[in-house]
Amino acid sequence: MDISLALSGGASRGAFHLGVLDKFDELGVSIKAMSGASIGSFVAVAYASGLSPKDILNIIKSKEFKKLFALNFSFKSFVKVDESSDIIQNFTKFKRLEDLPTPVIISATDLKSNEVIYFESGDVVKIVLGSCAIVPMFKAIEYDKYQLVDGCFVDNLPAKPLAKFGYPIVAVDLQPLEQIEKVGILSSTRRALQIALTPSKKKLQKNTIYITDENLAKFSLFSFKKFDEMFEMGREAINNEILDKIREWKC
């Protein structure tokens, strides 16, 4: 089976994406094109470059990966990312997005135009960092004529750009809405942000095969402790129902 795969943003929940990819590999599902926002862009590029899902999992679990994020007490951001680190420079051997063996489309938000930019070519590292730049935690990335921040702000699940490839589109969402019982100042603020970052199913490409797990809402977006559990959840999400939808898919 051949598919196109869209991967949403969701910070540390990206381990779920890796479980999905691992199961697809095991089943012989071939991914012909990919798209991603935020952590979804990192996973898409690393996988399209030839790294296995478990290789990528080991990268994000490593001490070196955690050391990338240092507190940065400045007016630009709270956290500074070391762009020169070996992990940033070597998560893909390809310097240009258009050179990847599997096509990858990355969504990022341009602060200057207030529009989503879908990148299919350009500097891989700069574009991925731009797509992952959640302000004010991380500073915006200056690239070409753009000032890039996280793709999640405008299109956190960029499935529509994959329509042109003609394959069944599978969209993996790391941002299910959690149920809340009490609404206070903090919880309502958190809820409003969550709604803003949660992709609307109505905006997805027609006939998109949608995958999520409501239990993902239990995991903090910035926890580095539950990667293995989320990886297994991703594997379990690829069930017979999903496979049947792929087989029966019509554009």
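Note that Cβ sites are derived from N, Cα and C of the backbone, with glycine treated the same way.
Keep in mind that TrEMBL annotations are predicted by a computer and have not been checked by a curator.
Record features (TrEMBL):
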- Ser38: active site, nucleophile (ACT_SITE)
- Asp150: active site, proton acceptor (ACT_SITE)
- 5-163: domain 'PNPLA' (DOMAIN)
- 36-40: motif 'GXSXG' (MOTIF)
Open item on the list: How about long-range neighbours of the motif 'GXSXG' (36-40): same chain, 6 or more residues beyond its ends, C-beta under 8 Å?
Closed with: 6-14, 17, 104-108, 131-132, 134, 150-152, 155-158, 172, 174
Open item on the list: Please identify which of Ser38, Asp150 has the densest Cβ environment, defined as other Cβ atoms within 10 Å, among these active-site residues.
Closed with: Ser38
